[in-house]
Amino acid sequence: MMASSYNAKEEDGHHSGAVGPGGAGTVKIKKPDNTAFKQQRLPAWQPILTAGTVLPAFFVIGLIFIPIGIGLFVTSNNIKEFEIDYTGMEESSPCYVCAHNYSWNNTTPCICLIPFVLDQPFESNVFMYYGLSNFYQNHRRYVKSRDDSQLNGDKTSLLNPSKECEPYRKSNGLSIAPCGAIANSLFNDTLELIYNFPNGTTITIPLMRKGIAWWTDKHVKFRNPGGNDNNLTTAFAGTAKPLNWGKPVYELDPSDPDNNGFINEDFIVWMRTAALPTFRKLYRIIQKKKDNMMPTLPQGNYTLNITYNYPVRSFDGQKRMILSTISWMGGKNPFLGIAYITVGSVCFFLGVVLLIIHHKYGSRNNNADIPN
Amino acid sequence: MKWTDPVASIRRRWGRHRQEQEGAVRTLVSNLPYEDLKKKDHPNCQYKSNVIKTTKYTLWSFVPKNLYEQFHRVANLYFVGLAVLNFVPVVNAFQPEVALIPICVILALTAFKDGWVDLRRFQMDQKLNNLPCLVYSRIETGFVERRWKDVRVGDFIKVVSNEIIPADILLLHTSNPDSVCLMETANLDGETNLKQRKVVPGFSAPNSPFKPGGFKSTVVCERPNNDLNHFSGYIEKPDKKKLGFGIDSLLLRGCTTRNTDESSGIVVYAGHETKSMLNNSGARYKRSKLERKLNADVLYCVLLLFSMCLIGALGHAIWLETFSDVPLYMVPDSEGRFIPPTLAGFYMFFTMIILLQVLIPISLYVSIELVKMGQVFFITQDLDLYHEETDTRIQCQALNITEDLGQIQHVFSDKTGTLTENKMVFRRCTITGTEYSHSENAVRLAVLGETDASEDEVTLFQQRRKRRQPSLFAEDPGEAAGRCHDAQADVASYQSSKVAAGVHSDLAFSSPLETEVVPDRKLLQVVLEADRLREGGSLDQGLNQGLERSLYLDFFVALAICNTVVVSTATAQRQRVKGRRNSYAPQTVWGRLRGFLKKTGSPWSASKFVAGKQEPLADPFAADEEPPDISDTPDIYTTTPEGGNPKTQSEVTSNQAQRQRPDPTRPGSASPDDVCYESQSPDESALVHAARAYGSTLLERTPDRVTVLLPHGTLLSYEVLDILTFDSTRKRMSVLVRHPHTDEIILYTKGADSAVMEILEDPAGESVSQCELRKRVCSNTQRHLDMYARDGLRTLCFAKRVVSQKAYEDWSLIRQQAISAIANKEKLLMDTAILLETNLTLIGATGIEDRLQENVPETIEALREAGMQVWVLTGDKTETAVNIAYACKLLDHKDLVFTLNTNNKAVCQSILESTLEEVRRYGPDPVFRGLGEGFGVQASGDLGEDPTIGLVIDGRTLSLVLEEEDLRSKFVELCRHCRSVLCCRVTPLQKSTVVKLVRDKLRVMTLAIGDGANDVNMIQAADVGIGIFGQEGMQAVMASDFAISRFKHLRRLLLVHGHWCYSRLSNMVIYFFYKNLAYVALLFWYQFFCGFSGTAMIDYWLMIFFNLFFTSVPPIMHGIMDQDASKTTLLSFPELYKIGQHSEGYRRSAFWIAMLDAFYQSLVCFFIPYLTYQGSDIDIFSFGNPMNTVSLFTIILHLAIEINAWTVVHWVTMLGSVLLYFGVTLAFSAICVTCNPPSDPYWIMQQQMADPMFYLVCLITVVVALLPKYTLQVLRGTLAPPPLLYARQLERQPPSGEEQIRIDVSQAPPDPRFTLSGLSSPPPSSPPSPIQTRHPQKL
């Protein structure tokens, strides 16, 4: 009862009350419980790491990793990839003129044609990427410069975008849709692929412009204001186009209402900011032929038809077009395969070393330990 | 963590100011005449009321005040600074609101904890404030019931029996005819004996009703203070007559009145000004060594953070410089301008601080507190630190120095009550120069002691028996068996009596050991004869013979009355202790003697038995040949023939079973002469019991009367004229009584021999024969005293003086003045006491034994093996102390013992120097031995070469040494060479000075352990203070950081819990540093790929959760529950303790290795995903997600390598963390579409978990990250196992070897050679001798 004078003790759980010890037959109230937990006697597994005990682990790792590595390496090698730089920095490049005469306000498109040769046919679906180098899409202020609510179709955000979009938030008193630096710097080159038959005829290869963005992005994250059925022009009424854009957002793909406005897939892909300054973004998909007899892209001569709009000279950037087949492991990258093979070998080697050590020293310890 | 509370300090200062207004004294008058006035018109209104409020906050002030207090922590300021920084647009790294989360979580958690604690305090206060009490009301002319909180200074209060006293009350009236009131102070200081309080002397006549209305006097007393043992003041009556009073008239708040129907008085102090409240200081805050070190490492982290930020800032500036034109992705500010690169770099510095803030392990501080709470929980739960008899657990009062227990290098121990039981047993006495050795008593004690020991070792002796039996039987099986059979029977019967008594042993002096004194038969005869002579009136003849005889009687009368023992009879017993100690009390002296003789057979066989063992008073060197051996006690069983063994076993076990329940066969009624003695000091009660054994029974004590029953039934009722209480300067106490028959005024004095011997009367004035006699008595007594001291007994001298009526009257006048003085009262009282205590006649002296506590030598041995230096600091005299030191193995007979004892500084210096010289010859600088050396088999060899050195120094010399800096350093240097140091006759202040000296000069971790008020200084001075629940009150316990009930618990506390706490905490701390760096460095590496722009590739919420939830529980559980070695291993190999001592668990190198490892792991965790995803179309947060996952696995599995013992808890927390991570991340990325604007967590985790590459990346990264640590750990475990690992490997060995080791080490065999060699051969069986069957404590 008087224990309040001794708060310190109280808090320890010792009730130094008037009860006190004593009296005949006092129960031992303070006796701690004899449980395994409280007495710290819980059954425990006490691994001791010695060469003898961990030897198998090293061998197992080695034996698992090496096959995985080989598998990865082979898969990566089977992926066909073709890359062409069309920045136009060298005078020899067909795009040299375009690259140097460029400004965002150009009204007449600058078109350049780059011929290239595929040495081997590309089977199955071929993915067409554009690649940018030295483009820091991961710059902190750049990354932030967007309004996800606006892109999600939120009406209030449409007319009053987030402050994060500054200074690409308003233009002439109208709010910009889509606002922010990311949208403003949307990649706007147009790439076309033309196959030159050996006989001289050309055919423009059909490129799928849908299916390049994440399904969830297209259907959940990005939405046009007022739903996708409405007339986009009215939905975006009262907004301005981003400064660098030639046309408003609702004219990104007038041909397909399912690919227009915020849910335009080129736009969505661009808005998913790249992690590293050198990146590629999926541009189009070339679907494999129905009849399966012909490869998707047979080997031969091609021409890349570029509507050159996007300036990269200010940051010494490079623009590339990449054609790639893909496998279960994504694009071509031999690194992981090599890494697995290396680590597997190292583990195997360590296993052998430990085996030797175990034979030389481990037994010595054991002998010393056992008294007989 | 605690911070100084400025509000409190202001309040304190203000309070002090108010006290100054109050003046040097407090004057108060009765409230009654002013009862109907308003409160502020009361004359006593400036004094605090009885309301107590221990809470810090009120409902309204909680939030602001708590926040205010929390912001006093640097850590919190750091957080707030970061949060504020985040609100600055140019530097912010995250959404500003998000940055508030960590600080809010931490503040909220702490506030919740504080609030909860405060609420509990509040409830307790409420309960107390609303307790009822009886206050006198003038209007109602009687006592009316009020609440405690309504009581004010100047009120009159009536306390009925067994009621708690509501305030500090000056006792003015009691219902007892002798105007006393008994008070139990257990709530205050834990002392269970009753204290007697008396009405202010001269205030009121007994038996008259109390009339508060008529109280017109003024009470003058000292200002409130926290001294529980001191109080003084006077009542000034209207006629200016002053009545002095002291602490013995003050009823203290919180105590309980006992045996007194009603006591009334005036409230002097109320509420927070009462002594009990002033004594209440909360839990103290000490900073542990590890924490101090940790703070240095936090500074390194700060440096690291700054350099990383600097790199970021420079990098950003340089990166910006590389552009000739503004790149497309560069976002201008809202006005469309771009800031210059240098400025951008400058801003970037702060952005980086925000981004990398986790590097400063703020969560570490919170975690450490949690871990320590857990550790304290487990320490208090340990059954092995629980003392069954007193039902006490270990108390941890300092919650934050648990790991210091694992780093102790020096142990400073008190002797009395710490090494010894402080249960005094009357052993020998010398009366008028004749020595009575009380050998029967010695035998009985020996038997009892063995019983004690056998209880502890019942489980062990069988193993020992197997090893020893052959040699023992070779000796003399027949005789040994027969003898031990007797002893064995005794063990059984005494155990049963102990069983009954054990239940009630809260009153320490009630065990049969102390109370049952077997009288020396010769002495008993003499005493009886003396009493018979007195009866016949033939004693008062002037014959020498008669005088001597009368002195015999005087001796026992002095024993009985010269003390402050309170007698409580069976009829007036405290309610709560009703029916205790009934097993032996009804027996008369004779009955008990008879009983004893019966137990040992016939009287003759008993004496024969005794004769075999009767040992001359040993000088300490006699013990050389036969070192007493505590661990040999079980031999008593081993010598019994095979057939006898099972019986012993069953008896012992049945006795133990009996212990579990109260014995119904015990007689429950108490006989009329059943008196119980309650005393504050155990030796007093031992003496009273001794007197009773010789027939001089103390029957009653009131303030003015003390009644003694003499052997032949005469009741002598002495009038007590005065009691000159004990003080440490005089070192003696006296009672002044008037003999009921002769009307002589006699002064009986009891005190330390030095204090009494110097004030004996000068024999010059008397006749030659008298003079001769006196001289002979003196010299004989002195000789006996020396012997006693050498034997380790505490000595007390008794002397008397007959004071003439005239002298008394003169003296009492001076005395009265002294009593009513306020200023300097102590000194005046002491002076008057000295005035009277002269010309004494020596009667005799007693030797009281203070038994060693159980397992003390083993504990000291173990502590020493663990690398601790054990010092004993005692107030006892050198001889006694040295003897105890030998008994408890602090000193060994092979030791080289230097004794410093001098009065002269120059001599002291030269002695010190020469000793130092000599010591240096014996061995080079005793650098603390490394672990590798002290451990294992090979250590045994070098021990024989240089002798270990002990040092004995006494208080006088010590004070000389401590005076001068030069001497001090020499002394410390000398002590470094000594294995043990013994300081005798030291004052409490010296104790603490020594502790501080060693602590500061040698820079070692010190531990002080003690039980008494005189150890408080020392306990507070040491790094770790340990109090023992002893016989001397609770001051030491209250001042301590940890409080245990037995000295032997120290071994387990330090070797097991200390080691665990230290290794757990140091592991955890290093792990936290590692964890934070490993995670933060990921972000840092990313800066190289994002233009040092401060982008985080991991969602901020996940980053916060990562630290708060995903990776916090496993290390905390690790810090609470991991066991790097089991209890048994740690106890078997005390050497393992050195890990903590040398701070090997938490070294700077370990810190840097962990940091390097963290860097490596973060590089791996970053660059493997980087290389995998390089050049692909991966987006920022999809890139960060595998890194986050990989670090989680790396960090968790890194801990898995560290964990030594995987229990269910570990598995659950580890797996739980991983599951929680996936659960939360999946849920987060499923739900959060636009909730967290800058980042894009939506569906990333799901997307990646559907991609086989994710798993492949995770797998290889984790393997590569942990490979080096794992491999190194394996190599270390195989090639150079550290001692700990070695011990654990040994633990795995087949039980045969293990058992042997454990027996060798834990039982601490007699010969230090074998103990230190640790793992080698079993100790050779020494031939049993009669001495060996004795308990070593009976030196």
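The backbone N, Cα and C atoms fix where each Cβ goes, and this holds for glycine too.
Copied over from TrEMBL, here are the features:
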- B:75-94: transmembrane segment (TRANSMEM)
- B:100-117: transmembrane segment (TRANSMEM)
- B:294-319: transmembrane segment (TRANSMEM)
- B:339-366: transmembrane segment (TRANSMEM)
- B:Asp414, B:Thr416, B:Asp1011, B:Asp1015: Mg(2+) binding site (BINDING)
- B:Asp414, B:Lys415, B:Thr416, B:Glu684, B:Phe726, B:Lys750, B:Arg794, B:Thr874, B:Gly875, B:Asp876, B:Arg985, B:Lys991, B:Asn1014, B:Asp1015: ATP binding site (BINDING)
- B:Asp414: active site, 4-aspartylphosphate intermediate (ACT_SITE)
- B:636-659: compositional bias 'Polar residues' (COMPBIAS)
- B:1037-1281: domain 'P-type ATPase C-terminal' (DOMAIN)
- B:1069-1088: transmembrane segment (TRANSMEM)
- B:1100-1117: transmembrane segment (TRANSMEM)
- B:1150-1171: transmembrane segment (TRANSMEM)
- B:1183-1201: transmembrane segment (TRANSMEM)
- B:1208-1233: transmembrane segment (TRANSMEM)
- B:1253-1272: transmembrane segment (TRANSMEM)
Request  = According to DSSP, folded down to helix, strand and coil, what is B:Asn1014 (ATP binding site)?
outcome  = helix
Request  = Specify the count of other C-beta atoms within 10 Å of the C-beta of B:Asn1014 (ATP binding site).
outcome  = 23
Ask   = In Å, rounded, how far does the Cα of B:Phe726 (ATP binding site) sit from the Cα of B:Asp1015 (Mg(2+) binding site)?
value = 18
Query = Given B:Thr416 (Mg(2+) binding site) and B:Gly875 (ATP binding site), what distance in Å do their CA atoms have, once rounded to a whole number?
reply = 9
Query = Just checking: which of B:Arg794, B:Gly875, B:Arg985 have a Cα that is within 10 Å of the Cα of B:Asp414 (Mg(2+) binding site), counting only these binding-site residues?
reply = B:Gly875
Query = For B:Phe726 (ATP binding site), which DSSP three-state class applies?
reply = strand
Request  = Mind checking which residues of the chain, 6+ beyond the ends of the transmembrane segment (B:100-117), have their Cβ under 8 Å from one of its Cβ atoms?
outcome  = 56-57, 62-63, 66-67, 69-70, 76, 79-80, 82-83, 362, 366, 1104, 1107-1108
Query = For B:Asp1015 (Mg(2+) binding site), which of the binding-site residues B:Arg794, B:Gly875, B:Arg985 has the nearest Cα in space?
reply = B:Gly875
Remark   = Within the same chain, the residues at least 6 apart in sequence whose Cβ is under 8 angstroms from that of B:Gly875 (ATP binding site) are B:Thr416, B:Cys984, B:Arg985, B:Val986, B:Thr987, B:Asn1014
Ask   = Taking just the CA atoms, what is the gap between B:Asp1011 (Mg(2+) binding site) and B:Arg794 (ATP binding site) in Å?
value = 17
Task = Using a 10 Å cut-off, grab the number of neighbouring Cβ atoms around the Cβ of B:Asp1011 (Mg(2+) binding site), all chains included.
result = 32
Remark   = For the binding-site residues B:Asp414, B:Asp1015, the largest set of other C-beta atoms within 10 Å encircles the C-beta of B:Asp1015
